[in-house]
Amino acid sequence: MSSVEWEDDDPFEEQRDKIDNPMKRLFLAYGRDYLPQVSVGIVASVFARLLDLLPPLMLGIAIDAVFYEDALFSEQIPLVLLPDAWLPTGQTEQFWFTVAVIGGAFGIGAGFHWVRNWGFNSFAQHIQHDVRTDTYDKMQRLNMEFFSDKQTGEMMSILSNDVNRLERFLNDGMNSLFRLSVMVVGIGVLLFWINWQLALVALLPVPVIAGFTYMFIKIIQPKYAEVRSSVGKMNSRLENNLGGIQVIKSSNTEPYESDRVDDVSMDYFDANWDAIRTRIKFFPALRVLAGIGFVFTFVVGGLWVFQDAPPGPFTGDLSVGMFVVFILYTQRFIWPMAQFGQIINMYQRARASSARIFGLMDEPSRLAEDPDAEELVVGDGEVVYDDVSFGYDEETIVSGIDFTVAGGETLALVGPTGAGKSTVLKLLLRMYDVDDGEIRIDGQDVRDVTLKSLRQSIGYVGQSSYLFYGTVRENITYGTFDATDEAVREAARAAEAHEFIENLPDGYDTMVGERGVKLSGGQRQRVTIARAVLKDPNILILDEATSDVDTETEMLIQRSLDRLTEDRTTFAIAHRLSTIKDADTILVLEGGEIAERGTHAELLDNDGLYGHLWGVQAGEIDELPQEFIDRAQERTAQLIEDAESDDD
Ligand code: ADP
């Protein structure tokens with residue numbers, strides 16, 4: 001499978017394209033619950049920023065009133081708004097008043113900053129948590145076809161990258177947005193109020209900087225997209241190679257793979273370098289623009305202070321204190337402008353991520369549970385397939401499947417690879433719904449009962465026994481969480497697993513699974529069987545349960561399986577026919593249809609496909625009719641062709 005196609009292979013695109021305004025939906029669906037937090041955050045943010053603006057202003061006022069004794073407090077902007085009686089008049093009193101205001105602004109400001117951070121962080125973390133758990137819940141209910149290798153990668157990326165990216169905007173982005181808004185509006189109003197003519201001079205570079213930033217975003221965005229795409233390709237290649245390391249080693253293709261990794265890494269390097277070249281030019285250029293603005297304001301304001309109003313439209317006086325305020329404010333004004341670009345960027349990324357998240361959430365489930373579904377009640381455990389047919393997509397994979405298994409009996413499914421054996425049993429577990437016909441358990445259609453009760457009644461032991469990271473005990477009680485220790489031991493004994501578990505370093509408390517102690521295939525299988533024993537289901541599915549183990553282990557497992565299948569309706573798929581020859585009925589599938597049925601003895605008498613398969617396994621290959629060999633070759637060729645067309 002070529003990793004270059006990763007971008008086109010997008011399972012949720014159709015749903016995503018239908019979403020108009022993902023950010024609005026995010027705020028309406030998830031933001032509402034945390035309205036108090038975000039409101040507190042916004043209010044605190046506004047106050048915190050206003051208090052940030054106070055010290056420079058108070059400093060300017062103090063320069064004029066206290067140090068130059070040029071103007072009274074009561075004549076100064078914005079102190080004119082306060083009643084005269086509140087304002088001190090003496091030099092010393094004014095000095096201490098200034099100290100108190102500046103100190104107070106820092107102290108109270110710090111409190112508001114704390115509240116603001118609490119509000120926004122709480123808002124962002126809660127939404128992130130809710131979105132993540134909802135997405136996961138939805139993902140678990142998606143149809144099985146979404147869980148192929150490539151698509152699980154995509155889902156993992158939605159669950160981690162996209163959900164995490166929301167936080168950046170909800171916290172950092174929104175925080176900056178309010179800070180910038182308050183700074184721009186607050187400083188703008190104050191500057192114009194103090195001296196509108198000099199304000200025009202000081203703010204002259206602002207439109208230029210805004211235009212420049214806009215241009216920068218336009219240029220850098222496609223470059224960032226290129227970086228993301230090349231990083232994705234590189235990761236797929238690395239993942240692919242790590243997964244296939246055995247093949248690489250055994251085919252001696254290390255140099256070839258090193259070259260391929262070199263290529264994708266170089267593409268990533270180029271894309272990144274291209275973006276970096278643009279980015280590192282932007283900030284110095286911005287600095288130059290801001291510098292020009294600063295120098296210009298300094299020249300005009302400075303001359304104004306120690307000479308007179310400069311020639312041109314300028315009139316009136318400018319005091320030293322107010323000149324200082326201008327210089328300090330312009331500095332604070334210019335830089336945040338440059339951050340608008342980042343906020344827009346964060347917003348767009350959050351928007352794209354929300355769209356991907358909602359695309360997954362909106363994916364309709366083909367397996368809708370009937371709202372009136374009842375609990376499945378199993379008595380004898382009779383299972384009937386009534387003329388069932390099914391295809392994963394348009395192509396029919398199994399058809400005319402018609403059989404009855406009486407309660408407690410064992411039905412074996414045999415046949416060549418790809419004949420549809422697993423498919424037939426997936427329908428019983430309702431991993432998929434039948435296209436035609438009906439499957440009934442003790443007379444109840446599997447589509448009319450709750451999925452929970454259905455799956456509770458069926459135990460499944462597959463060929464690759466997956467263990468979760470956790471203790472052996474947790475793996476056995478998985479799904480039967482309230483089992484007692486005694487019951488767990490009993491189940492392990494029945495599965496012939498007790499002995500080896502006792503010999504593990506921590507017995508039943510030994511950690512196993514991906515990061516734990518490595519168990520052999522046969523040991524894992526027996527833990528899985530113990531899980532099935534403990535669950536004590538009415539119906540049991542054994543899907544090539546002994547295919548991956550050696551003969552000795554197979555014997556052990558077979559013994560535990562025999563015990564497990566006693567008195568339970570059992571479906572068994574097996575390649576090794578010796579393991580199912582005692583089944584009450586054997587169905588031979590070929591090309592998705594039932595080719596033969598009967599007991600072992602009856603089928604041998606028939607001398608059909610089963611007889612021939614049995615012959616192959618008994619080592620009687622010389623005696624096979626040519627027709628059987630031809631058919632086997634045809635099937636193998638077809639399988640190879642299918643696999644190749646899947647790869648395209
Ligand atoms: P068996 O268990 O007899 O080996 P399966 O039931 O696994 O056969 O597969 C029967 C056919 O269905 C095969 O051609 C296989 O490629 C196809 N098939 C199996 N699973 C899927 C799937 N999830 N989506 C599409 N086709 C599938």
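Just so you know, glycine gets a Cβ as well, placed from its N, Cα and C.
The domain 'ABC transmembrane type-1' annotation in TrEMBL covers 40-349.
Outside the transmembrane segment (95-115), and at least 6 residues removed from its termini, the chain residues within Cβ reach (under 8 Å) are 40-41, 44-45, 47-48, 51-52, 54-55, 58-59, 61-62, 66, 73, 87-88. Feature annotation from TrEMBL assigns transmembrane segment to 95-115 (among others).
Here TrEMBL flags 177-194 (among others) as transmembrane segment. Counting only same-chain residues 6+ beyond the ends of the transmembrane segment (177-194), those with a CB under 8 A from a CB of the stretch are 42, 45-46, 49-50, 53, 57, 77-78, 202-203, 322, 325-326, 329, 332-333, 336-337, 339-340, 343.
Sequence annotations record features per position, and here TrEMBL assigns transmembrane segment to 200-220 (among others).
Here TrEMBL flags 285-306 (among others) as transmembrane segment.
The transmembrane segment annotation in TrEMBL covers 318-335 (among others). Sequence-remote contacts of a segment are chain residues at least 6 beyond its ends whose Cβ falls under 8 Å from one of its Cβ atoms, and for the transmembrane segment (318-335) they are 53, 56-57, 59-65, 68, 70-71, 183-184, 187-188, 190-191, 194-195, 198-199, 202-203, 205-206, 209, 289-290, 293-294, 297-298, 301-302, 304-305, 309.
Summarising model confidence by region, the domain 'ABC transporter' (383-616) averages a pLDDT of 88. Among the features that TrEMBL reports, domain 'ABC transporter' is placed at 383-616.
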